[in-house]
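Positions annotated as active site by Swiss-Prot: His53. Annotation source Swiss-Prot lists ATP binding site at Tyr56, Lys95, Asp501, Gly538, citing sequence analysis. Annotation source Swiss-Prot lists Mg(2+) 1 binding site at Glu97, Asn539, citing sequence analysis. The substrate binding site feature in Swiss-Prot is assigned to Ser98, His99, Asn100, His101, Arg120, Gln244, Glu318, Ser319, Gln320, Ser541; the stated evidence is sequence analysis. Under the heading active site, proton acceptor, Swiss-Prot lists His99, citing sequence analysis as support. Swiss-Prot lists Asp121, Asp274 with the feature Mg(2+) 2 binding site.
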Amino acid sequence: MVNNPTAIEIQQTKLYQQWGLTDSEYELICTKILKRLPNYTETGLFSVMWSEHCSYKNSKPILKKFPTNGPHVLQGPGEGAGILDIGDGQAVVFKAESHNHPSAVEPYEGAATGVGGIIRDIFSMGATPIAILDSLRFGELNDNQTKYLVQEVVAGIGGYGNCIGIPTVGGEISFDPCYQANPLVNAMCVGLIEQKDIQQGKARGAGNSVLYVGAKTGRDGIHGATFASDEFAEGKATQRSAVQVGDPFMEKLLMDACLELILQHSDWLVGIQDMGAAGLVSSTAEMAAKAGTGMILDLDQVPQRETDMSAYEIMLSESQERMALCVRAGYEDQVIALFKGYDLDAVRIGEVTTKEQYQLWHQGQLVADLPVAALTDAAPVYHKDQAKPERLATFAAQAPYVPSVTDTQATWLALLKQPTIADKSSFYRHYDAQVKTNTVVLPGSDAAVVRIRGTKKALAMTTDCNGRYLYLDPHVGGQIAVAEAARNIVAAGGQPLGITDCLNYGNPEKPAVFWEFDQSAQGIAAACETFGTPVISGNVSLYNEFNGEAIYPTPMIGMVGLIRDIQDITTQDFKQVDDLIYLIGETDDNYAGSELQKMQQGTISDQLGHFSLATEKANQDLVLKAIQQGLITSAHDLSEGGLAVALSEATFKQGLGYHVQVDLASRQLFAETQSRFIVTVKAANQAAFEQISDQSAQLIGRVTAEPIMHIQTKDEMIDLTVEAAKDAWEAALPCLMKSEA
């Protein structure tokens, strides 16, 4: 057996620094909290529990700015996932998580275990997972390493979700140079639950038992939480030991067993929590902390797949497919028998105590004896310095970017080929989107839609964020991220209910990065107040840098909305010849951060144009009202690529064309002014629609049988066949993925 360093040796060699603790944090532990030197195992426990990934020590002051309450909120931040009331005794459960650093090192396993972890968060609440979504960011596809990352991440997401039998129904993929060495892999899971079955991760009741269930513990993922709380450098790209390895078939058994316990034997169960980041220590210490209790654990009882594991390794392992249960005394044998019936390990490893102390025994020795609060509530909270990035002053001094569009048709086709805009079906065809046969609107739409069996209702769900906008203006960009998510939900016929988030940023110790974080959070909060969408769960991923270069601020917004009647489900495709086409919202010369600017200049700059939350809300309310009154046959939000791209996307499914006339310069077809929709209305409903639109909708054309897109601008008439546009859009990514860099 390896002799671990003594407490004095840890202090003298500053080993704690390698595990992510600072000198001041170590001093706080020694002099204020324990009033002694922590031993090897205890130092390891502090290092992961006080990491940013677990403690949110840098982000807590920012997260407090989010609205978390609302009429539908049943569970806000603080548990495995958030929960919203959707009526009839039912609730929707959802959360998003990041797995950025692991996916950069081992993209398949990093992405797969990210999906597995977020699924466990959902069923730990007692909910049946019904959908997975993802939000992915990569560098440019002219790089072979990026192509490899894309292939492996997509395969990892699909491989895990498909095997476990949960449909991957939607998401988004964007490409920008800032993500070249630091990809973002954010996964979101949505579940359904009867409100009476809601569970919490609390270890209540002295004498109740702590059970370990699921897969055995190995050495994979040790210090994964610490790994996720540091930035990349050249030498750190090989930290594969910090990446977990997943088994979706084991997860399926674990999910089924947990749901059987919750739904059929809830009287046996006190609390349940996933062993995610920081593994066994995080799950058990948090369960005790939330209940105001203590815990004694016997680590010799923990099922292990490797020999001679130390207490440190057992506690910090992030082996996948494991859960911690608090079981009512006297029911241990029944619970163990239930899990063994699924061929899963199930072992009593400890018990709940009244004394709020966290004690670990291993091989007959007390290897850790800490106050529970020391690991959870006592973590320091930092109020970081802030400074406005210098680039913003440079952008403000520049003349506004106005694109030169000399060949409108060529520009239109070129935009359709841009990786962020182009057809993503070559990626999402790896996902089974229809397993369980509840998916009504498939990937590639504004929002995915999943029906709720036994009711007339459905859920709309989406993930959204444009990091370019946040790079130019974090506050307004944060507002736009929420606004676009809500716009997508509304376009599908849903009422936005709430959000989860993955807040992806660079190193918070840099004042400019922390300023971006704070400003964007304020923007998100303001938008959430406007749309009535509280933040009910989420995740913070900081230190997304490589060799000192940060990603764009990228706060991914995952939103869920309720479609009150499946008859309200609306899709983006034009459906019937002679339907009238309306543009809702004004179009200005907004090109800052646009796909056109990136395509023409190779970079982004300038100040974002004016954005009004009030206008956004009014336009969304109009569209939703029209949908619910049965006046709209299709709806599509305008985002990357502007009006020309949105109109094109509306033609691709049915192959219908259109005649459109707009009082715009040709270049404005590609402007990315916010708060806009295109909708189609039957001619018979024209008067009714225009009556409720109050002049905020402009009639710009009609749908035609001829598969040609005709657009008359103030400058010219542009014609483009649907076939040519669709071919360009569909072929772009497969060609890029096959080409040699």
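In case you wondered, yes, glycine gets a Cβ from its N, Cα and C as well.
Distribution of Swiss-Prot features across the structure.
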residue : record                 : Cβ neighbours (10 Å)
His53   : active site            : 28
Glu97   : Mg(2+) 1 binding site  : 24
Ser98   : substrate binding site : 28
Asn100  : substrate binding site : 25
Arg120  : substrate binding site : 28
Asp274  : Mg(2+) 2 binding site  : 28
Glu318  : substrate binding site : 30
Gln320  : substrate binding site : 29
Asp501  : ATP binding site       : 31
Gly538  : ATP binding site       : 25
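Comparing Cβ neighbour counts within 10 Å across the recorded positions Lys95, His99, the minimum falls on Lys95. Non-local contacts of Tyr56 (ATP binding site) by the CB criterion (under 8 A, 6+ apart in sequence, same chain) comprise Leu63, Val540. Counting Cβ atoms from all protein chains shown, Asn539 (Mg(2+) 1 binding site) has 25 others lying within 10 Å of its own Cβ. Same-chain residues at least 6 positions away in sequence with a Cβ under 8 Å from that of Asp121 (Mg(2+) 2 binding site) are, in sequence order, Gly80, Ala81, Lys95, Glu97, Cys189, Asp274, Gly276.
Of all the recorded positions in the record (His99, Gly538, Asn539), the one with the smallest CA separation from Gln320 (substrate binding site) is His99.
Of the residues the record lists as binding ATP, namely Tyr56, Lys95, Asp501, Gly538, the two whose Cα atoms sit farthest apart are 17 Å from each other.
Rounded to a whole number, the distance between the Cα atoms of Asn539 (Mg(2+) 1 binding site) and the residue listed as 'active site, proton acceptor' is 10 Å.
Report note: the ATP site is defined by Tyr56, Lys95, Asp501, Gly538, and the residues of the same chain whose CB lies within 8 Å of the CB centroid of those residues, excluding them, are Leu63, Pro77, Ala96, Glu97, Thr500, Cys502, Leu503, Val535, Ser537, Asn539, Val540. Of all the recorded positions listed here (His53, Asp501, Gly538, Asn539), His53 has the Cα closest to the Cα of Glu318 (substrate binding site). Between the CA atoms of Arg120 (substrate binding site) and Asn539 (Mg(2+) 1 binding site) there is a gap of 15 Å, rounded to the nearest whole number.
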